[in-house]
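S.K.: Got a structure here, written out as structure tokens. Questions coming.
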Amino acid sequence: MPSAPQKTKSFRLQTKYVFLTYPRCSSSAENLRDFLWDKLSRFAIFFIAIATELHQDGTPHLHCLIQLDKRSNIRDPSFFDLEGNHPNIQPAKNSEQVLEYISKDGNVITKGEFKKHRVSPSKSDERWRTIIQTATSKEEYLDMIKDEFPHEWATKLQWLEYSANKLFPPQPEIYQATFTEEDLQCHEDLQLWRDQHLYHVSVDAYRLVHNVTLVEAHSDLVWMDDISRNLEGLEPGSPPSTSADQVVPERQHGPEASEGTITGMGPSTSLSMMTTRPTTSSTTSPSNSSHSGSN
């Protein structure tokens, strides 16, 4: 029993903007332009652009954009066939984008005047636009997408959150101080700290200048601090100083001189004060004087 003949797909082209592609076409762009211009004259054709593009094997194929003044109603699938070359036929939804695409290599010929036309947005685009324009917060934006486009919400949530942050940038948090203004006030005795640290001559620094023992250096510094405080034993007009290379007044030694702590220009922290007024020497430290002896 013979098989029933297969039904051919019905063809119908209803549009004012047509995009044709002739693969491996042996005809020239000029022949195709003239052929289509004549064939579409009943639809009041006003623009046509044809571009030639080469395949990797060197054979050409032709792209064609057609703009009509009247909507076509073509039912014959072979309507655009030229010399045995059958094209791929599509409506050109956006003539400007099609013309830009076929002109990318610059090998294009045209006839007539190109006209931009309004491109009707898809229903999906309209729904997205409504969400973008009506949402008032990031949460509402994502909820609306979840309702309208659940598949996109489930598979592209990371990108949707990115767009939500662009539409509704996070507001910076107001800084709340964890301390009061009173905490910023300095309560330390800076003068005492200055005297004990900035104007302080250490035992080690003193011994770098004077060849004395650790005990002698300690004793000398305590004695100099006492002298600086009461201004005794210094020449008139000489300011007190604990500089390690100063000319130090000579003094007599006693066991009490080794007591106390090392101090600087601040208040004396000696555990005992000298009661004997020392004699002065213009060339040696107190310890050096004691080492040289006296007659």
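Glycine is no exception: its Cβ is also placed from the backbone N, Cα and C atoms.
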S.K.: Of the residue ranges 144-148, 149-153, 154-158, 184-188, which one carries the motif 'LXCXE motif, interaction with host RBR1' annotation in Swiss-Prot?
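M.R.: When 144-148, 149-153, 154-158, 184-188 are checked in Swiss-Prot, motif 'LXCXE motif, interaction with host RBR1' belongs to 184-188.
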S.K.: According to Swiss-Prot, which stretch among 101-104, 189-192, 205-208, 213-216 corresponds to the feature motif 'RCR-3'?
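M.R.: Matching range for motif 'RCR-3': 101-104.
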S.K.: Of the ranges 7-19, 59-71, 163-175, which one does Swiss-Prot flag as region 'Oligomerization'?
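M.R.: Here Swiss-Prot associates region 'Oligomerization' with the stretch 163-175.
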S.K.: For Asp105 (divalent metal cation binding site), what residues in its own chain, 6 or more apart in sequence, show a Cβ-Cβ distance under 8 Å?
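M.R.: Asp105 (divalent metal cation binding site) has long-range Cβ partners Ala51, Glu53.
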S.K.: Where does His61 (divalent metal cation binding site) sit in DSSP terms: helix, strand, or coil?
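M.R.: DSSP assigns His61 (divalent metal cation binding site) to strand.
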S.K.: What does DSSP say about Glu53 (divalent metal cation binding site): helix, strand or coil?
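M.R.: The residue in question, Glu53 (divalent metal cation binding site), is strand (DSSP, three-state).
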